[in-house]
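> Per TrEMBL, transmembrane segment is recorded for 153-169, 181-200, 212-233, 261-281, 301-334, 396-416, 452-473, 517-538.
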Amino acid sequence: MMILTARLPGVSFWLDVEQDPTEKGMRHGVRNSKDVLIYLTEGLIESKYCQMEMRWALEFEKNIILVIETDERHGKPSIEKLIALCPPDLKHIFADNVIIPWYRDPAFREISVEKIIRARSVKKAGPTVMAESTTKLKFMTRSKSSDSGGGDVFDWTFVYFTVLCGVALPGAGTKTKVWSVAVRIILLTCGFMCLSRIFTTEGPAFWDTGTIVQIVVAHPIIFLFLHVTLTILKSPLIADLLENRIDAPVEAKILRLKTRIGTCMAALLTVSLSFWGWAAYLPAFFDMYYLESTSQQRPATLLLFGLAHGLTWVLILPLFFGSLFASLLMMFVLQELSFMALLTSFNELSPEFTRSGITATVATNSGLNINELDLYRFQVSFLENWKIYKALQWRASIPFVVFWFLEFGLMSWSFWSLSQGFEAEPEDPRVDRLRENWFLRVRLSWFLGSSLWFGAGAWIVALTPFGVSYYAWRMEMQAKQILFTHPGLRHSFLAFLAGFDLNFRVLFLHATVRLLPLYVCILIMNTVGFDADAVRIWRAV
């Protein structure tokens, strides 16, 4: 209380032991306070008086600030034990409020004090009134309204699209979680069914082994994207990021718009590629060759083969593309969130960054009165958030690394294909099949346009990690434009930031601007190699 009194002159405090420690006095103290600070130590929750004060804070709808002791010698509690011992009607206090750690070291204590001050319900006077409380973000929105809440930054269309595609966001209901598990099972089952087509070369549904292998290998890749995405979303790392490390309301509002645009694009691609794929496959599976197999004295298993694959293809294709695009969309959101955590560190330099955002603050071209303590707090916060930034990159990198490993492997086939030239190959057995069945020609165009290994799908997946380079460049440019009233501190500030690599670097995958031409050449090689194979067949047809 003494520290806060020194930092907040003119603000009054009520402390029971210094005023009226009776039940009536405590109730009066809570009722007439704007904020109620609950200091979490061992034994707190067993105190009936503490419980009463917490209930009064809820009854009078006060702004609750939770501060937790971090020193074992002074009663550091176990938060799990506190919640376990807490009465049911008070448990939600721990979930609804940020818990601020209290450090006794003078340097780190300043960070705790700043967080407490920012968590107050006090509003600034003047034409622009803005709350200083932390913006807590949530994945799930409760309504379709654009004013659904400061923390619901993800548009409702984004939530519905991801749910339909089998991505159960944190906070999803039981039915959504069951559907998410079902989608993953469907993907794996369909992968095995597609594998069986290699051994069923009879009938118009079979064109060649190469395209079947493409489809079969794509299933575990998409499953891997889904699994990694969901695992990250459910991790304590993301919970900590959303609850404690992001206070960037301006960027949060922009993210809502970005997710709506991204969702519309993902839905459009999913629908168009699904219809294209249905035109390429359904006429083959429902061909009379399979449906009349028993009457034509062909094996009855062909009837089962056609019906099973046709019906499965109707269901799986939108899930196939939707799951991939939903996962990539979530990867993009995670990338945005980790960058927003880095931007939140700039709030330690000046309140202007919290109110206006870094872009608007830089645009004012006015010098910021930043002292050494502000810079120190920024460095501590930025270092912590950068570690989370890199940890998320490593976790999200698994499917991208596997994908690029396969792209590297495909180069040998692409070189061979290009060495064959573009002349027609009439002896290729695929030529006769294309002449006989129009839907196989549609299938060829579908693979050329949407293949996960050679088409648009490959380019979208392969270049996603390079989006991080934009954030690295953007932060570097904006940091250089920040003006300090103390020039010496600006040099220290820029030197500190220069020591952090924000680019996507995991194992052999270094998604930097300098190496982008190399990776693009690999994609071009594989794309043109596949196109050369298609041209040779098409010219023969």
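Using the three backbone atoms N, Cα and C, a Cβ is placed for every residue, glycine included.
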> Can we call the transmembrane segment (261-281) and the transmembrane segment (153-169) in contact, meaning three or more C-beta pairs below 8 angstroms at a sequence separation of 6+?
yes
> Using a Cβ distance cut-off of under 8 Å, indicate which of 153-169, 212-233, 517-538 has the most pairs with the transmembrane segment (181-200).
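Selected stretch: 212-233, with the most Cβ pairs under 8 Å.
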> Can you work out which residues elsewhere in the same chain, 6+ from the ends of the transmembrane segment (517-538), have a Cβ less than 8 Å from its Cβ atoms?
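Residues packing against the transmembrane segment (517-538) from afar: 404, 407-408, 410-411, 413-418, 420-425, 428, 430-431, 434, 444, 447-448, 451, 453-455, 458-459, 462-463, 466, 511.
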> Take the transmembrane segment (452-473) and find every residue of the same chain, 6 or more past its ends, with a Cβ under 8 Å from one of its Cβ atoms.
214, 217-218, 221-222, 324, 328, 331-332, 335, 339, 393, 397, 400, 403-404, 406-407, 410, 501-504, 509, 511-513, 516, 519, 523, 526-527, 529-531
> Under 8 Å between C-beta atoms and at least six residues away from its ends: which parts of the chain pack against the transmembrane segment (396-416)?
217, 221, 224-225, 228-229, 232, 327, 331, 334-335, 453-454, 458, 461-462, 464-465, 504, 506-509, 519, 522-523, 525-526, 528-530
